[in-house]
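Student: Quick paste from Swiss-Prot:
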BINDING   GLY113, PHE114, HIS213, THR241, SER243  pyridoxal 5'-phosphate binding site
MOD_RES   LYS244  N6-(pyridoxal phosphate)lysine
Amino acid sequence: MSKGKLGEKISQFKIVEELKAKGLYAYFRPIQSKQDTEVKIDGRRVLMFGSNSYLGLTTDTRIIKAAQDALEKYGTGCAGSRFLNGTLDIHVELEEKLSAYVGKEAAILFSTGFQSNLGPLSCLMGRNDYILLDERDHASIIDGSRLSFSKVIKYGHNNMEDLRAKLSRLPEDSAKLICTDGIFSMEGDIVNLPELTSIANEFDAAVMVDDAHSLGVIGHKGAGTASHFGLNDDVDLIMGTFSKSLASLGGFVAGDADVIDFLKHNARSVMFSASMTPASVASTLKALEIIQNEPEHIEKLWKNTDYAKAQLLDHGFDLGATESPILPIFIRSNEKTFWVTKMLQDDGVFVNPVVSPAVPAEESLIRFSLMATHTYDQIDEAIEKMVKVFKQAEVETLI
């Protein structure tokens, strides 16, 4: 594209070209196998420590069978939005089971997790309203807030004093919504929900929690952040995704029945998007059943997390304040982060680089994520290789 200012903007985007020239490009890496603890890349075995499949259910034969059965019964797609011809009986069944799971009156499905934040934020709030966001909230929360045309205010990461100060300066009679990640996707720490909800009640603000990385990980039977703290009644909206612990694709929002009914008829990402495919719905239903009936998956996830965290700390890795299976290993240099990611893949370990602008350059890191299905031998092998690569890269954060 070479037309005018748009062409100029495109031509100035050089980072991909520069990384490829250095052999450090680490995105869109094609995987030739199932998303499991070991994957195949370029025909080679690679240990997978970059997946969000926390419970390792993407390869569960019962879930695969449920998806196959749904394909036979309903076909490959719904050919319309939920608002019109795209609602199946299994959509309704899943909504009912999800709302009961997270302790809310009702739920509405979205075709992706990203849309699950876009929809509520963009239609519930308006020009004279205020949305308060943690500065480390997911991009979908930020974009949904922008689409609402409301006044967006960011507070310091998990900084409740800053949140209180910013709420105190807002008009008392204004509509206010605090939206936060439950488990933060880059750092792995958990929101201080007890203090946040206390402040919200003090200032008459609603609360929405993004449980994308919390479902299947924390809370009673993996029911998420509000359940983890026993604060279901203090959280107005719970958002979750199916692409992580629930081994599928899509998302949902749960809350009071009247709010969900409002979303069904006003959230554009429901009304103008084709509905979740039958196979995705059926696989989510089966995964939800497994999570609720087989606690050993979550127990094993946490055993692996505790084991890996202890081993990494013993070797001197900087893990920040993580409290979850997301282990951020800080490198604090964009270029070294890319170099470490590439060298680890060459050595058979897949991790995800997190660099600016996703985080400040001085907080760049690799994200090392655990699955319930990892073995201790796999964890040991990956850490041994990381120690070697970090030393080769002269990463200063390695003690």
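Here the Cβ of each residue, glycine as well, is placed from N, Cα and C on the backbone.
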Student: Return the maximum Cα to Cα distance in Å (whole number) over the record's pyridoxal 5'-phosphate-binding residues: GLY113, PHE114, HIS213, THR241, SER243.
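Tutor: Of all Cα pairs among the recorded pyridoxal 5'-phosphate binders, the widest measures 13 Å.
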Student: Tell me the Cβ contacts of THR241 (pyridoxal 5'-phosphate binding site) under 8 Å, same chain only and six or more apart in sequence, or just say none.
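Tutor: Looking at Cβ-Cβ distances below 8 Å from THR241 (pyridoxal 5'-phosphate binding site), excluding near sequence neighbours, one finds THR112, GLY113, SER116, ALA212, LEU215, GLY250, GLY251.
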Student: Of HIS213, LYS244, the recorded positions given in the record, which has the fewest other CB atoms within 10 A of its CB?
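Tutor: So among HIS213, LYS244, the recorded positions given, the one with the fewest Cβ atoms within 10 Å is LYS244.
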Student: For PHE114 (pyridoxal 5'-phosphate binding site), what residues in its own chain, 6 or more apart in sequence, show a Cβ-Cβ distance under 8 Å?
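Tutor: The answer is ALA139, SER140, ASP143, GLY251.
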Student: When you average the Cβ positions of GLY113, PHE114, HIS213, THR241, SER243 for the pyridoxal 5'-phosphate site, which other residues in that chain have a Cβ within 8 Å of that mean position?
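Tutor: Near the pyridoxal 5'-phosphate site, beyond GLY113, PHE114, HIS213, THR241, SER243, sit ASN52, THR112, SER116, SER140, ALA212, GLY240, PHE242, LYS244, GLY251.
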Student: Using DSSP and collapsing to three states, where does THR241 (pyridoxal 5'-phosphate binding site) fall: helix, strand or coil?
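Tutor: Once the DSSP labels are grouped into three classes, THR241 (pyridoxal 5'-phosphate binding site) ends up as strand.
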Student: Round to a whole number and give the Cα-to-Cα distance in Å for the pair HIS213 (pyridoxal 5'-phosphate binding site) and LYS244 (N6-(pyridoxal phosphate)lysine).
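Tutor: Counting only the Cα atoms, the answer is 7 Å.
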Student: A 10 Å Cβ contact count, applied to the binding-site residues GLY113, SER243: which residue has the minimum?
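Tutor: Fewest other Cβ atoms within 10 Å, among the binding-site residues GLY113, SER243, is found for SER243.
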